Amino acid sequence: MPLWFQRLKDKKKSRRSDSRDTLSSAASSLTKLSVQSSTGNENSRNSSITSSSTALPVPLQIGAERVQKDGSPKRFWHDAVQMLQENPSHRELLDTYQKILQAESEATPSSASAAPDYLLKTIDRSLKLLDEKRSKIRVGSATVEVRGALNKVAKAAQYAQSFVGSLVSGEPHAAMAWAGLSLFLPLLINAAEQPKALTKGVEYVSELLCRFSVTERLYQEQIRDALATVPTDTEELRSSFEKSLTELYAQVLLYQCRAISQLNSSKVIGIAKDMFKSENWDDLSSELKEYEAKCNRYKYVLDAEKMEREFRNLEKYMKGLNEIGISLQHQTKETLENFKHDQDLQANQRQVDLENACIQKFYVSAYEKQMNRNPDAVKGTCCWLLDNSNFQHWRDSELSSLLWVSAGPGCGKSVVSKMLIKALSKTSLPGKPRTICYFFFKEDDTLQRTAENALCAILHQILRTPGNSKLVRHAIPHCDKSGANIRESFAQMWEILMDIVQDEAAGEIICILDALDECEEKGGSGRHMLIEKFQEFHNDYIETTNSRNTCFKILVTSRPYVGIERKFKILTKRYPEIRLSGDEESVKISKEIDLVIEEKINMLRVQLELDNKTTSALREKLLSMKHRTYLWLRLIFEVLEQQLKTTEKHLLLVIKELPKTVDKAYEAILNRIPKNEFKRAKRLLSIVVVAERPLLVQEMNVALAIDENLTQDSQASALSLDLEPEAVFRAALGNICGLFVTVADSRVYLIHQTARSFLLSDGKTQTNTIEGPTFRWKNSVYPSEAHLLLSNICINYFLFYGLERDISVIQENWREIANEDYWAKTMPERAYLIPEYSLIAYASKNWWKHLLHTNLEHDSPIYENGWMLCNTNCDYFKIWIMGNFSHDLPEDLNLLDSLEIAARLGLDFVARRALQSPTLSCHYLEALYHAIERKHGNIVQAILEAGKIADPDGLLLLAMTIAGIADEDPLGTIRFLVEHGSGNQIFYQAALINAANGGLYHVVRFFVDDCGTDIKSPLDDGLSILCHFSTRAGCDEQNLSYLFERGVDPNGVPENMVTPLERATTTCRLTMIKFLLEHGADVNLSGSSDHGSPLFQVLQYSFYNSKVKEMDDSNYLLQLLDSSRERDCVIQMLLTAGAETGGWPENLSEAFLQYNNRQKQREKLGICIDTGLDLKKVAESRVQSSLREEACSGSVATV
């Protein structure tokens, strides 16, 4: 046992034994580390060292690499140990220190990896021992010094606990220094007396170890993070610091060896005791401090160098950050630009989709195909039009213009129109893009004979033309508001068209309307609406300066019917150049027909292989004939082309026998039909004449196979259709009707529009029958009989041919079944649907339309079949209903009833039958709504007469529906509604407003005279009824005059917030302003003092007060003056009527000054604003108003 442990008390023996074991293990490990780390020259070492030590290694060079080749940090403690081994005496001290560690622990060398663990345990146990001994330390001068050293050494040991494990694992030789630090604790506790200098030195060494553990760590980090290449002076400075640090560590170890040996002198084996007596501890401490100072001097310089380098690195780092920031900014900008670009693309795509959807709403009819039905013009023809000065003026004009081309039937008007469309599309005016739009009216197709569809086609062509995308903005608001119903609003579409032609981006727009005479007279106003709009356009954009801003050219062709001539007479009388009559160009047309004859003769010669003599004879004969037309020529050559015998004599005989007129030609063609095919031909022709649209070949095949005479009593089981193969039937059409029908685009047409007029009869009863001896084809088709035929075909098709058995297949394939183009395909392309389905779409949409055109009594068998078809519980109802109301049908068809179907379709007989049925449950209110909405007055009357409506006051919102009733005599329906208890005074007032704004004068009188509607009291909003009139453009003079006659005060009602004149002026309703002023309205009266006078309110509109100065560009000046014309007209009317001026704020004075400037500019340009105000009436009305006011106040003073 060590001697110094004999001084301890026996009761602490076990604890001391544990401490010795820990130190022994650490010492053995450290001894092994020292031996294992030594390499090189063994002869340079002292052989007197005990056998417990092995050969010591040769010391490392101080200038070695700071960082090892394997990347590990510099081992300064390792270099310090080797430096001590260079000196024999120092090596002896180091060996003695190792022996003391081994002697204290009495352990054998252990593994190097165990050193950190044992060292930590040694420090821990030494600190615990210190805690137990603190109370036992003797008091005395020496003890106080030891206690101070103990405290600092203990703190150092505690500090070492936090990192010594990682330190020793990376630098095992550092364990020798920290092991010595831990050995100071038990030795200082038990030393009776220690040299003061030694105690202070131990204290100093403990502090130094703590400080330089941090310094070394920071330096290791510094050289580890340094650049691969450093300046030479920095390299030398670091080498000097490392040498100084190694020397300092060597001196620390040397000091510890001496101190431990001194404190444990009893444990030194084989070494003289006087070896330690001569130690001067103060000098040793001073030497340590000198080494530390030397290290610190280098450290300060290195720290400054490090700071400078770090500043440079920071500068580079900041520069890099700046570059990164710039890069990130660029990337962010690029990302934002890409994001914005993507957003713009998406927005553009949405806009494109919106525009395409809007444009598609106007595609109703296949107008291209209708144009192509007409033949191309023969070269050299159409000069009668092209050479005409009126046409050339129209064509070459750079402003808007109108041209009406009239000619008799068969003169080639449609051919000319087609030629113009192709020719004009190849040229344009300088600097103006040209858009060509057209529409060919065709009486045999419902889609090609309405004014609404004509406008749809025109708008569709304009908007879809490349380069016109900017023009779609004029249509989008209307499409958003009305949806697909925009196609039914003539007024809205014309407004869109006018907005487009006024757009600068529109350029030149040429509109060709062919065969206006074939435009359907919808409600007696179809073609007339168009002509009236032409007149309005001529007045607004051709006769006035507005034409400077537009280039919209309209060319209309038609037959010279009296009704059309009278409508155009208003214009042609003043502007005869807008009329081009083909009848006046008959000589030129005749010469052009000669060119066509030459062309046709040459083709016939090749087709029939005629010799020159026969060809010349035919040419001579045809050229000599008079009263020829293009249509007649077409019929003649179709007859010649069918001749089997082609000798000269035979062909000349055929020509000689040819009819001289078109009617005779038609009769001759039809008489060539075999007698046994007359009935079938008559049936086919009747269908073609009255069909809502041209039937497809396959549809006609099915229609002719259906028996129209079937009834429920005569039919017990489902029939099958006896159809001919499509190709066979197509070929048979020529045999059935000869040349009278033609097939184009898989649709069956009459040879010419005049053929329809030839067949139709004006008579209501049929007298010209096939069975009669005097039968003739002309006027042989009676419309009501033809409609009855086609209606029966459609109804029987659903009832008796078993379609209900295939309802699931039909519903699944409805899209294909309802698509005309699908059935126009050849058989292999539509093989998965049987031909029997081809008529379903047409029959679904039109059976009831044809039925409505028949003149039958209500007990007719067809009505019974029609009633069966409207049975909502039957499968055939579920088939045909899909072709109707696709946009507003309920998903559950069981929600529909027969009465509602009748109200939607206008089927009176079905409605009356449903109302009479005691077991049928009906939706009376819904049916009434649909009947009013669709203007079916008879059904409205039937529902009201049945007394099924529980709340007649709430039955009709007359304010919403009265304007929608557009029967030929809406008063009858309105009167009937009121007589049956519909509405009250509130509804009457709202209905009266709608009627007045709709121009329904007799309806206004009905509400005032017959219903006693109060027109003098304020409405629910406190305003006069006139205030609501003044905001409507449709308000007409007759209704206003009537209301004033009935005592309506032009100044409104008492205490109203807005007077009628205020409302009229702010909404710029010139007619209303004129009538109010002429009937006594106070021009300076305002409903509120906050508003100011009507003139005050007009002037304060900032958007209106545009400044107009003299400028060189007269066109631009005219445009500015025109944009303010209406507002200036209002101001002029108010001033003329005596509006007060002055006392205004500066902005209104400036606005009034600008008005005067505009008026002066108009005077210079010779432009006059005609207000139409009758000053005499204004003066008289003001006198009458003053008299009334005086009378009301009790004064009789003379005004």
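Glycine is no exception: its Cβ is also placed from the backbone N, Cα and C atoms.
Any TrEMBL annotation is an automated prediction that lacks curation.
Taken from TrEMBL, the feature compositional bias 'Low complexity' applies to 22-34 (among others).
As annotated by TrEMBL, compositional bias 'Low complexity' applies to 43-54 (among others).
What TrEMBL records for 75-295 is domain 'NWD NACHT-NTPase N-terminal'.
Annotation comment: TrEMBL describes 380-559 as domain 'Nephrocystin 3-like N-terminal'.
Residues or ranges marked as domain 'DUF7069' by TrEMBL: 589-658.
Annotation comment: TrEMBL describes 679-765 as domain 'GPI inositol-deacylase winged helix'.
The region 'Disordered' annotation in TrEMBL covers 8-54.
With DSSP states grouped into helix (H, G, I), strand (E, B) and coil, the repeat 'ANK' (1056-1088) comes out at 16 helix, 0 strand, 17 coil. Taken from TrEMBL, the feature repeat 'ANK' covers 1056-1088.
The domain 'GPI inositol-deacylase winged helix' (679-765) scores a mean pLDDT of 84 in the predicted structure. Secondary structure counts, DSSP: the domain 'DUF7069' (589-658) has 55 helix, 0 strand, 15 coil. As a summary of secondary structure, the domain 'GPI inositol-deacylase winged helix' (679-765) carries 43 helix, 10 strand, 34 coil according to DSSP.
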